[in-house]
Amino acid sequence: WSIGEPSYNRVWIPDNEEVWQSAEITKNYKAGDRFLHVQLEDGTELSYPVDPAALPPLRNPDILVGENDLTALSYLHEPAVLHNLKIRFVESKLIYTYSGIILVAINPYKQLPIYGDAIIHAYSGQNMGDMDPHIFAVAEEAYKQMARNNKNQSIIVSGESGAGKTVSARYTMRYFATVSKSSSNAHVEDKVLASNPITEAVGNAKTTRNDNSSRFGKYTEISFDQNYQIIGANMRTYLLEKSRVVFQSENERNYHIFYQLCASAMQPEYEHLKLGKSQANNLLFTISVQHFKAGFSSAGMFSALQRKSHSLKTGPVEDKHLNIFCELLGLNCDKVARWLCHRKIVTTSETVTKPMTRAQAANARDALAKKIYSHLFDFIVERINQALQFPGKQHTFIGVLDIYGFETFDVNSFEQFCINYANEKLQQQFNLHVFKLEQEEYMKEDIPWTLIDFYDNQPVIDLIEAKMGILELLDEECLLPHGKDENWLQKLYNNFVNKNSLFEKPRMSNTSFIIQHFADKVEYKCEGFLEKNRDTVHEVLIEILKESKVYLTFYWKCFISRTLLSGVFQFRNSLSLLMVTLNATTPHYVRCIKPNDEKLPFEFDSKRVAQQLRACGVLETIRISAQSYPSRWTYIEFFSRYSILMTQQELSINDKKQICKIVLQRLIQDHNQYQFGRTKIFFRAGQVAYLEKLRSDKLRHACILIQKRVRGWLQRRRDHQNKCLWTHLKFVDNSLSFIWLEEQKYCRGYLVRRLCQLIHVAAVTIQAYTRGFLARKKYRKVQPIKNLISVTGNNLCSVKNMNTMAIIPNSSPFACLVLLSSALFFLVFYQDLCLVCTVLLESHFQSQKEIYEKEIEGLNFKVEHLSQDINHLQKLFREENDINDGIRLEVSRLTSENLVCSRCRSTTQMCLWHSKYLKPRGVVVNMIPGLPAHILFMCVRYADYLNDPDMLKSFMNVTIDGIKQVVKEHSEDFEMLSFWLSNTYYFLNCLKQYSGEEEFMKYNTPRQNKNCLKHFDLSEYRQILSDLAIRIYHQFIIVMENNIQHMIVPGMLEYESLQGISGLKPTGFRKRSSSIDDTDTYTMTSILQQLSYFYSTMCQNGLDSELLKQAVKQLFFLIGAVTLNSLFLRKDMCSCRKGMQIRCNISYLEEWLKDKNLQSSNAKETLEPLSQAAWLLQVKKITDDDAKEICEHCTSLSTVQIVKILNSYTPIDDFEKRVTPSFVRKVQAMLNNREDVPQLMLDTKHLFQVTFPFSPSPHALELIQVPSSFKLGFLTRV
């Protein structure tokens, strides 16, 4: 190792608390060094001692952490697996992860919204690598392989108690019941699901590790017919923990059924059981009753008997609980009491009755209780199987095995021994299957096969089940009259200690033995092995039980034959049958993991998880994969991811496969580090991390180069701008100086001129006032002369006629003043006269104007009156013409009535016309929209004209039935459905338009109102036609959705419409179907072409514009919902680059709407959730402001959806950052007050309410012509 980039110099070192701890190398390591200088994540410097032959494992680059498949990791080892699971579980809140062929399921201890029907439909039909890991993906893969290969499948669900095995098995059965519902009315799938609560009630109990722990193994075969629909099921059980009936450890409980019965003790239907107020923890015996709510006609139910603490004695036992027990079972109480305390010993000469000790009596009592419960359990399982039986032959089946995982406790007994023995067998089968798959993969890719060393646990199995093995010695000791646990243990010591490395004797104990299992060493206490293995009930008690009158009598008779077989023998036989079944099927593995013992949600205890990973075979799978070529990429994936490492010369080659080979030979000199297969490239461990480093370095260098160029350009641009700015400023400065001088010059001139003007005005003003003053002064002097002039006016006239030119020179100043005053007087008089004349003229003009206006108003009134007379005359003329036309039409109808065919023939041929002759393509060309609908209505109008109700009823019924039949026969034909939806809508509108109702008639022309129906009210038929139109519309939408749905995810989500922005990453063992072959894949263009086809077909068939908009809105909702649902279930698609791709595709859809002039359809609004999800992938997600912006912007997404996207966000390159859990919690806290539905998936089956707007036809019925191509020669126009 050497110090390089921070992402590639980190290792894992062991840690006592976290199992493994990440550390960064701070000093170059040289071969032979004994210490590795590292720095822990908390900053602690450490010199870690290392063995040069076993260096600490390397840590994967961050870009590979959090992958869906553990085999996608470049470095495959325990710390990498543990870290990847922790990141997915704690930070991304993802509970499922693939590990090759295994699905690892971690119990979240919290209800998650990922199991609804919408999720089931989302996974249905998908390839396993196309979606996020899920239990439904495993179920779909099993179902698909069964249908494709006609081979039985098995899903093996294992894990320790509390890991979630029962829930996982339940979800797989629910998936099969949902996707493969039977066509019959038997509802077999509902019965299969209903059996789970029954078996859990009688077989599950609360333990210290799990509140609903399955205390038995269950293998459920779900049977399918040739159409791969469920027809029945069958259940097999293994190793019921019978000892729990009589003994429970501290803080544990008995089986659920006892508490359920006690809770129902006071109900009337259970009064005859006499349960009273018994404490459930002391319930001892179980009995059968007549009713049990399990869907049986008659089945078993339980009650109990409480034993007192006093010792059993010889003779009758006075115990009311014993009396109740015997009463309910119909037994003799004295006989039962006697043989619970005595034992019959039969010898060759005599039969001896021997009293039991207290311990012996307790053992006999417990054995009877366990045996009764065991047979009741078997009885219920058999009744369930009877209810799930099916007639006919099973074609294939899928088995679901819910079985206990490897167990180790402080004290391990017979049950743990059997459980671990079963897990050894299952692990062997698993190892062989993994080895076989590896070999098949190599052979399919034509890669030389080298033998891989894998752990074979056959020696442990031989130790347990071989001749003279542990089980055989146990059965042998049980056959001895005085066999004891200690004697059997001593035989084990003698046979295996120091002779078999897998068997050990504890140093500090002589009552235990240790077996080295595949998962861990387990120490077993030998106490109770023989007793539990014998599992015997005294024959006398069995004979007494056979006298019982309850329904289970038949089962009592089976006691003798079954008690002869030991518990181990029965278990081994059933286990052998199970292994035969599993080996004959294709197995699928689900390993359930318990993250912590405190049952805290999303808390990860690394120690507990690592222990379980070792025990369940996940790490063994990783180890096998790591020995060969664990990383496998298709050529397309490799080319898309690492094209940045290719030269232009290499990219010029047309063959991508050849390009990949040339590039790899150049980049990785050691050719042993990879192999070229037919469709994939196989890499040894660490090579993908090396390629990722090269890619990251290339991107980093490219970024540095871009930054350098950009910074240089920006600096040069700033320098140039600064230089230009300085020159400009200098020029501006000079210009401003000149401008200032000019402004000063003009300003000074302006100020001087203004001052001169002010002085001139002031001088003139002074002069005016002065002259006025002088004139007034002179005027006051001549005022007496004016008075004299008024007295001697007549003289003035004569003076006026004098030759003034002659007088003025000779006149005195007084005479001049008189003359001027006279002139002034006449001037004033003339002015007043002019004013009077003006007023008189205006008055005359106004009077003339009013006269003219009155005359004009009168003339206008006369013109209007004459126009009304003309219109009235024209109306009378038109009415006369209409009457004449009506008379001529009546005559024409009467003369042509005999040419019309009989009513029955007409209606029959009309029906044939609907179903055979009218084809969409032939009708829509050069025809008015809804032509067939208009023809139909004209026939209705003819029946109305004849006033023939029978004919009308017959015609309408045949018409409606004919349309229904055509739609049924062409239920998948989009063009035919579009055609008849359009014509049904037009026919409905014609019935409204010509109904004679005021609300519709107001849209008609007078001519159209003449054609309204006269005799019949067809409102009832209008309702029927409306319902029929809705049915056709829904089928029409379904056909469109079926035609486009398979294109949505490839086109909207997977196809990269923005070239050069690739989002592919390693996918591990489960390959995306889109990464196998890039030919014949759907693109965004495919979706747009399909939408255009729908649009053009609807337009050709004359579909109303409002209906067309509603259909387009429904399609856009489907596109948005399917894309968004797939995004929620595909963590690999939640990246910034994918958000850009989605937004680009949405813009294409919006452009299509604009091109088709459909913006008013509200289709764009249905894409808003998807648009906001794409925005959320692209926006920054770091600060509080970012969180606030997300909350304000993402109004169309629910809180669950926002959190899901944030948790699933996956960086594609090292330059992107993961969303921190603290940021997700911050957003979640801000969204707490939002009231929305806590639902993750959108309902893709949702249908918007359809409305049929009334749109009157503008076409006149009398102008409609029936084309000869319609072949409607039996119709005649009248």
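Start at 1 and count along the chain as shown; that gives each residue its number.
For all residues, glycine too, the Cβ spot is worked out from N, Cα and C.
Bear in mind that TrEMBL entries carry predicted annotations, made automatically and left uncurated.
What TrEMBL says about this one:
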{"type": "DOMAIN", "residues": "65-696", "note": "domain 'Myosin motor'"}
{"type": "BINDING", "residues": "GLY159, GLU160, SER161, GLY162, ALA163, GLY164, LYS165, THR166", "note": "ATP binding site"}
{"type": "REGION", "residues": "575-597", "note": "region 'Actin-binding'"}
{"type": "DOMAIN", "residues": "956-1233", "note": "domain 'Dilute'"}
### Query
What is the three-state DSSP composition of the region 'Actin-binding' (575-597), stated as helix, strand and coil residue counts?
9 helix, 8 strand, 6 coil
### Task
Around the Cβ of GLY162 (ATP binding site), how many other Cβ atoms lie within 10 Å? Please give the count over every shown protein chain.
21
### Query
Relative to the Cβ position of SER161 (ATP binding site), how many further Cβ atoms are located within 10 Å?
20
### Query
For the recorded ATP site formed by GLY159, GLU160, SER161, GLY162, ALA163, GLY164, LYS165, THR166, which further same-chain residues have Cβ atoms within 8 Å of the site's Cβ center?
ASN107, ASN210, SER213, SER214, GLY405, CYS592, LYS594
### Winner by Cβ contact number (other Cβ atoms within 10 Å) across the binding-site residues GLU160, LYS165, THR166
LYS165
### Task
Calculate the per-residue pLDDT averaged over the domain 'Dilute' (956-1233) and state the result as an integer.
86
### Query
Sorted by position, what residues of the same chain at least six away from GLY159 (ATP binding site) have a C-beta under 8 A from it?
ALA105, LYS165, GLY405, ARG591, CYS592, ILE593, LYS594, GLN612, CYS616
